[in-house]
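Listed in Swiss-Prot for this protein:
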- A2: N-acetylalanine (MOD_RES)
- G9, A10, G11, V12, S13, E32, L40, W41, N61, T62: FAD binding site (BINDING)
- T60, N61, S195, A196, A197, D198: NADP(+) binding site (BINDING)
- K492: SUMO cross-link (CROSSLNK)
- 510-530: transmembrane segment (TRANSMEM)
Amino acid sequence: MAKKVVVIGAGVSGLISLKCCVDEGLEPTCFERTEDIGGLWRFKENVEDGRASIYRSVITNTSKEMSCFSDFPMPEDFPNFLHNSKLLEYFRIFAKKFDLLKYIQFQTTVISVKKRPDFASSGQWEVYTQSNGKEQRTVFDAVMVCSGHHIQPHLPLKSFPGIERFRGQYFHSREYKHPVGFEGKRILVVGIGNSAADIASELSKTAAQVFVSTRHGSWVMSRISEDGYPWDMVFHTRFSSMLRNVLPRTVVKWMMEQQMNRWFNHENYGLVPQNKYLMKEPVLNDDLPSRLLYGAIKVKTRVKELTETAVVFEDGTVEEDVDIIVFATGYTFSFSFLEDSLVKVEDNRVSLYKAMFPPHLEKPTLACIGLIQPLGSIFPTVELQARWATRVFKGLCSLPSETTMMADIVERNEKRVNLFGKSQSQILQTNYVDYLDELALEIGAKPDFVSLFFKDPKLAVKLYFGPCNSYQYRLVGPGQWEGARNAILTQKQRILKPLKTRTLQSSDSAPVSFLLKILGLLAVVLAFFFQLQGF
């Protein structure tokens, strides 16, 4: 008899969890409190309590080839970075392809999840839900928590003396939808994350003046990298990940600084991070530097206090006649339907084995999917989490002892603090490629590069020096996909396809460029040789 699994939430984590359950022969039921799928990525004009909220102009920060599910590439004509509506379209295509909607009960809220009295032996759960005013209790063999962590706004008003007397408008960034109504205003955006940079850049096109207040600064990257390819297809390779792991910290820091300053000098723009040794997530924004050059945005230090109409900053400067303050200060999270004894959240910290499993449960039948913030795409990350969780539920994978899991949690937290710092915004941060490989190893889906080099050297080179995308984890192990190799070898054409909208005559510029590079290299070698000969 198939084990029954409850999936809480029908966002990206919930959808892929449903598919993984079906792939493993489990019987899933998904409870979604709203009327549709998509979670965070489904834009709505109004903010709704208990639901993630985005602004109309949001586009992905990770490219389509790095963000698709491992056995379902995005259509080749999709743009490389997707508007939220386009990403939602992909989710709909995905859900239809694998017939997932039949497992979802919409407008159904999970009230509580409790252990059954015989949990120590059965591992079962009682799930209480509410729909159309009626409550219902259902027993499940396992639970997948996919409710997200971008719902409860973090609004630290106590850190802003004088906010109670400020006459202007202030709100959290989750309430921002579009720039209409902000024309001609003087606006302060607090924070320097992706949302802060997006909102500040968008508002600066019609506002009288926009200020951005940041405590620590941030690296800012373009989505466009070398030769015009998406940034993450160049940044996230196994080779570059290996270098960041084995080289001395000072060398990695220097390399990172050089790479980040290649676009523009962050110190000149007032954005250089306070602690450059930390591998904090960079801001992805193609507009911010130009808006700073135009003077439409001005970078300020931390807010010291507010008056009725002005903002006083820590460096002593004052900006008068501020109309609006947007707090892009992140989110907190909790699980109101879970008892603290199951998953306890303290100061936005939670103790989960590999960011998924509560270590103290007698039976490993509850997993949190998506409670992580990788330095890369979240979509392949949650997919591997779901693949592992469903195999644990099925008994095909096992977890170590509670002592071992707790030791791993402590070690992982120490590494996180060492790499990313103690800031609240970095609490869920993790290295991208390392974490993917860690999960893949648990289910036997990590490629063996040594054997692959002898069997298929062309593919091995692509895997090691090319983008580390999700297709790699369908080459071996459970859930192999026969199209994985071809998807890896043809990703370049899917990147270029949406850009080929103008027919061009063939050009010899590429061969000439290549020849010039060869001649230049030859000239350097000859110059070095002649220098040795004393010419």
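Each Cβ is built from the backbone N, Cα and C atoms, and glycine gets one as well.
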Work out how many Å separate D198 (NADP(+) binding site) and G11 (FAD binding site) at their Cα atoms, rounded off.
23
Just to verify a number: CA distance, N61 (FAD binding site) to S195 (NADP(+) binding site), in angstrom, no decimals.
11
Could you say whether, by DSSP, S195 (NADP(+) binding site) belongs to a helix, a strand or a coil region?
helix
Given the recorded positions A2, L40, A196, A197, which one's Cβ is surrounded by the fewest other Cβ atoms within 10 Å?
A2
Nearest by CA distance to the residue listed as 'N-acetylalanine': which of the recorded positions is it, out of G9, T60, S195, A196, K492?
G9
Given the binding-site residues G11, S13, L40, state which is nearest to S195 (NADP(+) binding site) when distance is taken between Cα atoms.
L40
Looking at the recorded positions G9, G11, S13, L40, K492, which has the shortest Cα distance to T60 (NADP(+) binding site)?
L40
Reported as an integer number of Å, what is the Cα distance between A197 (NADP(+) binding site) and G11 (FAD binding site)?
25
S13, T60, N61, S195 as binding-site residues, winner by CB count within 10 A:
S13
Report the nearest neighbour of A196 (NADP(+) binding site) in space among the recorded positions G9, G11, S13, L40, K492, comparing Cα positions.
L40
Taking the Cβ of G11 (FAD binding site) as centre, how many other Cβ atoms lie within 10 Å?
26
Would you count the other C-beta atoms found within 10 angstroms of the C-beta of G9 (FAD binding site) for me?
26
State the three-class DSSP label for K492 (SUMO cross-link), counting H, G and I as helix, E and B as strand, and everything else as coil.
helix
Quick one: Cα separation, L40 (FAD binding site) versus K492 (SUMO cross-link), in Å?
29
